[in-house]
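Everything on this sheet refers to the single structure shown next.
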Amino acid sequence: MRLSVLLPLPLGPLSYLAPEGCARAPAPGLRVAVPFRKGVRVGVVVGVEDAAEGDFALRHAIGYLDEEPFLDEAGIAFLGRAAAHYFTPAGQLLADLVPFLEPPLRHEVRLVDGAARPDLTGLTLWRDAAELDPALLDELREGGVLEERVREQKPTRKTLVPLREPTEKLTPKQQAALETLRALGEAESQTALAAAAGVGPGVVRALVEKGYAGWREVELELAPPAPAGPALEPLPVPEPPPRINGGRWAERLQLAAGLASEGETLVLFPERYVLERAYDRWPPPALPFHGGQSPELRRALWREKPPVVLGSYQALLMPRRWRRIVVMDEGSDSYKLASGSRAHAVHLAELRAELLGAELYYLSLTPAVEVVEKPGLLVRPPRTRVLPIDLRRERGWPLSGRAVELLAQVPEKGRQALVLVARRGYSGRLFCKSCDWQPICPNCDLPLRFHKPGRRGRLVCHQCGHSEPAPEVCPACGGEVFGYSGPGVQWVAEEIQRRLPELPVYQYSAERKDDLTPLQRGEPGAVVGTTALLRTPAPPELALILLPYAEGFLPASDFRAPERYHRLLWQLADLHPTRSPLIALQTFEPDHPAVEALIEGDVTGVPETELVLRRMLGYPPAVRMVVLEFSHRQEATARAAAMDAAEFLQKRLGDYLETAPFAPLLGPAPAPVPRIRGRYVFHLILRAPEPDLLRDWLSDLPPPKGARLRLDPDPVGFVGLLED
DNA sequence: AGCACGCCGACT
DNA sequence: GTCGGCGTGCTC
């Protein structure tokens, strides 16, 4: 028999012969250990055929790891379909979705009976394969004289257990300690037992030395923590439409629980923090499943069959016949996988549902543009109180007089404020006031951000991490006066503290996470931070949310920016579980549609108009769009590779160029950030309303000369992957 | 992805 | 003369 084995590597399936001397029939979906290069890797059987004449001698697989298939047939089919859609090998997708696939292995070998290897007499008994030279193992395997067995090493822990009955030989204290151990069954450590029995540590040590108690390796029983909060009441909807919007967070959870109440439901979450908060309130029984859990725990939970799983994208391949998949907050950027296949988890969920024949639901405060046309149900959105502060009229930067007044009221009333800034550090830009010089990252062609932890401060690249001390005088003209623009967390926090010295001010961003427990306890204060703040629980007395520069959240080069801005603003309205804090927006665009929608309490209008615009301009979802990224250390090499590809595609597209509703080929052009980490990047964009066309064009594309080509098959914002 | 192989520049 | 940079190709 010949196996097609998918390894969690960016490769297609590899062929192996079925394990030698293994009675088990191979079945698709089983995990199998295989020799790969000089070692052993674990993959999944995705196909079984009769052995045929091969171009080369196949190696034998070593053995299966599972009783029950790790993946089901629908999951295997899904991997193939998704791989084709994302122009990536199926193994890449397997690696992305199941990074915990490979367990630690117990791998033993010995020579088969009668093997004529007098030089290896030590190998007639089972030996741990790790003790032997991989080259020797390979040679023996080739020669067909090696017997192997392999299994998943279960996670264990050491525990102190009683080994014998107490006898008269023990002192009274030793007897008491042993009785305690027998009553408890086991103890974590000698000290723990001593404490439990009320004796000194020496007594327990004596028990162990005399052999009355001893250490035993026991299997680690793995379980997620119990939900931490009171369970919410499910809110079932009769004949629910595929899209449900509006409501408060807890209300949407109730609706999700209602959708899941018939069981066999996967509830998909964009990020771990949201998932954990939902799990804490979810009516049992349900299990969480996400990348924050240990690989051992995820492997253990993989086999569980709870009626409901609250999962991240890593739960998508679980061997379950879901009847429903509920996608929470489908518009979240976090669904986009930032590396590897760069797939989009919402799309993967759609594909999985399609192949399973499962019902799919989208449940969010504001719908994504991609789903806004589906039949929907609107629950009343949270009440909003919005105060736009027009920066074209108000004085004061980065804090207007109005903003300071609002902030001043916060401690007076014993309330709390949240100040949201798009940048971390002190300022987005630093420049010389006399000659306009500004520092650029030596690796990235991006302005260096100014951070101000000390007197002088540092210049930091938010792309590659490059950091240098800020200059004291301008290196270009010797000027000594610097200007700043693009206020960051530090600047705003400093300014608030300067204007309101009595107000306790906290900072919260990736680089500085102040302890917010005083706020959580209800003490007055203000916290200034980036969107990292949205992943902490809202302070209980939250009365004001201030955005000193709201457009900071609206990157101009991204066609999804208005949708994301709208989603962010609504997220603010839903931050506090019950209150409606005042949302004060300092902005040059107080009549931006997203701001108006927030004022009017409209959650679907902006996505609806965005959809119309995208159709007019030929952006997703009206077209499928793929970005080709050519990069190289030498600018000319990267550009030439992009030009070659453009030329090829120009010819390949032929007549389609004339008939296409939108220009199907854009570029090449330098990427929005022309150089990252020392590599020049050029972009070429392909788009067509018919996704199959793109696949044809790209399948013919010759590999680039010199430069590296990476595809972004689902560009969620061209600068969206840049951190800021 | 990792890893080996292979080809050109800066060092003992 | 070698060390080591990374560009290229392959993994059953």
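Using the three backbone atoms N, Cα and C, a Cβ is placed for every residue, glycine included.
TrEMBL lists A:CYS432, A:CYS435, A:CYS474, A:CYS477 with the feature Zn(2+) 1 binding site. In the three-state DSSP reading, A:CYS477 (Zn(2+) 1 binding site) counts as coil.
The Zn(2+) 2 binding site annotation in TrEMBL covers A:CYS441, A:CYS444, A:CYS461, A:CYS464. Residues near A:CYS441 (Zn(2+) 2 binding site) in space but far in sequence (CB under 8 A, at least 6 apart, same chain), listed by position: A:PRO447, A:LEU448, A:CYS461, A:GLN463, A:CYS464, A:HIS466.
The feature domain 'Primosomal protein N' 3' DNA-binding' is assigned by TrEMBL to A:5-99.
If you look up TrEMBL, you'll see A:441-469 marked as domain 'PriA DNA helicase Cys-rich region (CRR)'. Predicted-model confidence for the domain 'PriA DNA helicase Cys-rich region (CRR)' (A:441-469) is 82, expressed as mean pLDDT.
DSSP places the residues of the domain 'Primosomal protein N C-terminal' (A:623-715) in helix, strand and coil in these numbers: 33 helix, 36 strand, 24 coil. Taken from TrEMBL, the feature domain 'Primosomal protein N C-terminal' applies to A:623-715.
Around A:CYS432 (Zn(2+) 1 binding site), taking its Cβ as the centre, 21 other Cβ atoms fall within 10 Å, counting all chains. Around the Cβ of A:CYS477 (Zn(2+) 1 binding site), a 10 Å sphere holds 12 further Cβ atoms from the protein chains shown. The Cβ of A:CYS444 (Zn(2+) 2 binding site) lies under 8 Å from the Cβ of A:CYS461, A:GLN463, A:CYS464, A:HIS466, A:VAL673, A:ARG675, A:ILE676, A:ARG677, A:GLY678, each of which sits 6+ residues away along the same chain. Long-range Cβ contacts of the domain 'PriA DNA helicase Cys-rich region (CRR)' (A:441-469) within its own chain (Cβ-Cβ under 8 Å, at least 6 residues beyond either end) map to 423-430, 484, 488, 490-491, 494, 511, 673-678, 722-724. Look at the binding-site residues A:CYS435, A:CYS461, A:CYS464, A:CYS474 and count other Cβ atoms within 10 Å of each Cβ; A:CYS435 has the fewest. In terms of DSSP secondary structure, the domain 'Primosomal protein N' 3' DNA-binding' (A:5-99) contains 21 helix, 26 strand, 48 coil.
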